[in-house]
Amino acid sequence: MKPLHIVMENFGPFIKETIDFEQVETDQLFLISGKTGSGKTMIFDAIVYALYGMASTKTRKEGDLRSHFADGKSPMSVIYQFKVNNQTFKIHREAPFIKEGNITKTQAKLNIYELVDNQFELRESKVNQGNQFIVQLLGVNAEQFRQLFILPQGEFKKFLQSNSKDKQSILRTLFNSERFDEIRHLLLENVKQEKVQIENRYTQIENLWNDIDTFNNDELALYKELESSQTDKMIKKFPQFNDYGCKILKSFEEAKNKITKELDDLNHKYKVNVELSENTKKLKAEKIKFDDLKKEQNYIDKLKQELKMIQESKVLITYFTRLQSLKKDKDELVSLHEQSKLNETNYHNEIKGFQKQLEHLSTRENEITQFNQYLEKNQVFFNQLDKIISSYQQKPVIEEEIKRLYSEYNDLITKKEELTKEMNNKNKDFAIIEHYTEEIYKLKKIIDESERQKKDEKLFDKLQLDKSSYLSKLKEKKEQLNEIESSITNIDATLIDLNDKKDFVNEIKSAMSIGDTCPICGNEIHSLGEHIDFESIAQKNNKIKRLESKKVKIRDEIIKIETRIEELNHRENELNCEKQEKKDISKLQKQLNHLNQLKDEQQSINKLVENFEKQEKEIVNKIHQFDLDLSRKNTQKEKLEIQINDFERHSQFSSVNDFETYYSHAKKQVETYEYENEKTKDKLNELNNKLKIEMNDQKHLTENLTQTSKEINNLELKMEKEMQQLGFESYDQVKSAADLSAQKDEIEREINIYNKNYQSYEIEINRLKELVKGKKLLNLEKLRQSIEKTNLKLDETNSQIATISYKIDNNSNKFNKIKNIIQILDDELKVQKEIFLLSEILAGKNDYKLTLENYVLIYYLEKIIFQANQRLSFMSGNRYQLIRREAISLGLSGLEIDVFDFHSNKSRHISSLSGGETFQASLALALGLSEVVQQESGGITLDSMFIDEGFGTLDQETLETAIDTLINLKSSGRMVGIISHVSELKQRIPLILEVTSNQYESHTQFRKN
């Protein structure tokens, strides 16, 4: 990630400040300089706040970032533009605050944009989703970003000197190693659950084994004392329990069969005697009922005689019933005939009355015809009364509108003539303006070129002076280098390789004697005295090292000076200051002002003419519009006059109200007449139809009455003849016979019931006599008591059988459950054995006494130390390297850092380093950590890094080494920014971001050295 721009509003000491990081070249090192409290670190806070909504350090809260000098209505906001993976993004984050006059905070705001086709497109507009988007985009969270992007004051010294526990919390955050500890906890929890599960299974086996029934057998009871872990013995004893249970069950089933046979015999005897007792009682009851039935014989004989009489007089009764019906019909016909005669008379009278009413209506026929003609002629006007009324009302309004339009029309004509006079002798000229513009551009270009040339000449002179100074320094350094090389050449290098070989030579001397052959040169040894001055050799060797070190340093300085001279030559070539004719800038400026004045005057004339033309065009448009309006209004007036004249000519009224009253009256007269005439005609037709129907009914009634009288006479003759044959003397006797005939069905039913019951009793009594014949009745109570005793005995036996069967089945089920649990238990123990071992190893019960998480963190720490040592070796002149302390303890060991000193060839505690050495180690560790986190965070590349303070503890030489390290960083493509008060840095670093403060507000500005 590389910063491009940042805009801070009401953020710390910055009320409204913009920093353009694009002024920093791709691989340039720059310094952030300013007084204490001016807001240097706040720049980092703004970047981290824009990305993650928090400050660059944990100690600062969001509320601490808002400027104390911000007004009460403006929010604190940061707009941050940056580039990552060749994509450009812009973030606008606004902090919540309590606006002046309110009591609740405003909502936080976050908008994230991406640059697509030179336009920013919105990607996220919600705070939570936006925060997740940033983490996914950068691949690091806020804590990791703090460690990668900013090296804050004292943070890495603290990390360097911290113990394993403190380092664990930091590394855990950076490398998300909690997941490894979660794995350990999950595995441990799984092991605990599995152990509980195994214990539960043994408990289940024990409970099931204790529930096994022994059938009160002492031998089986002894088997139940086996422990739940003795599963093999349990399985071997299962068949003995089942065999003994089946043996007991068989003995009880044999006893049951014997009792069942005895019970069946008793039940059969009891059933036979119960049936005999019931049949005896039933025979006695049937005989009593049969005797009672015989007592009704006389009543039945009387009913039979009445039935015979009804059957013999059947024809006579039919004649009598028909005669009574005909007489009733005759009386009804006589009554209807008299009523019809009365109705005929009433209809004749009503018809005469309606005929007179119709004659009266015909006298108004001519009057109604005239009304109808008027209504037809003026119906269209009556239907458009509102329109006619509106025409009367609109006519004077339109006449007044026409008068007003003529007046305004004349005014516009006058105004147009006045404008035409004013526009005389005034013309637009855009060509001359273009000419003036072109001349002005040329003059400005000449002036700018002259001023630039003047500045370049001054800069060129300064570069010449700087170049001359650096050439002198270069000459001086080369002379020093030649002197050092000459000194090294003059030192006698003979025997220099024997340095540090004194002990080896003494060992050889102690093993040799005079006269022996030398193992190195092969010559005879004549003397064992001191032939080599080891102290002199060591002094020469140290002197060569010092000269070589000084030589390397001078060469580095020569390279830096040559680089600076090359840079100055490059800048001279860019300036290319050739001697040119100098222009009079003041004279050129006067010409420019004169041309601007002429251009402004012509532009004013053009604007005035355009204004006149615009007004004239508006007036012409208005005149044309007035012509259209007048034509439209006159047309409307003509239409209204035609409509009013037509109305008055046809209606013969000049008043709409009078016409409406007369038209309504005429319409009502016509409607009333038509209604009365139609109503009268309909009534006459109705009465004539009723009269015809009534006369036709009278004819039919007369015919029916004659026919009925004739039929009555014939029936009376037939009845007299039938009465003589049957011996009936009067109609009353016939009526009594007819009444008795109505009871015929009931009489027949009673006779049939009697005969049926009589026959049924005879058959049942004979059947029962056969059933009880020759049989002796036993004592039923004694039989019942014997059956109850036998049933109780059978129930007890069945209960014993059911209990034993249940116990056998229950034992079998429990045996199967125990077998299944044992099988599951065996399978689980095979699988979980390795998991139990793995859980103990991950929990720290291993040779290294390390948990899984600490083992992973040690791996990351060693990678960090490896990266850090590459820089620390350079900064310390190959003297120091960081090493991990490999002490063994439980859980949190292995994260302490020691330093290895190659001068003493020993490791020592990190706190033994001086302040400058501690800074070197901290810086190297910070850079190493940054690189490792980038490697582990999905390949995210941070193209920038900021270092906050720490250089004040360094001496001049160490400071130079630290700066060289940072220069190597920026040469790898990173933009590196440093916050420091050290004055040497201001001289060494070519680009400075100055932060200035006026007690309440700060400002920033890039400045080049």
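In case you wondered, yes, glycine gets a Cβ from its N, Cα and C as well.
Residues or ranges marked as ATP binding site in Swiss-Prot (evidence: sequence analysis): G34, K35, T36, G37, S38, G39, K40, T41. According to Swiss-Prot, the coiled coil annotation covers 397-499.
Within the group of binding-site residues (K35, K40), the Cβ with the highest number of other Cβ atoms inside 10 Å belongs to K40. Figure note: comparing Cβ neighbours within 10 Å for the binding-site residues G34, G37, G39, the maximum is reached by G39.
Under the three-state DSSP scheme, G37 (ATP binding site) falls in the coil class.
Take the mean position of the Cβ atoms of G34, K35, T36, G37, S38, G39, K40, T41, the recorded ATP site; other residues of that chain with a Cβ within 8 Å of it are P13, M42, V995, S997, S1002. For the binding-site residues T36, S38, T41, the largest tally of other C-beta atoms within 10 A is found at T41.
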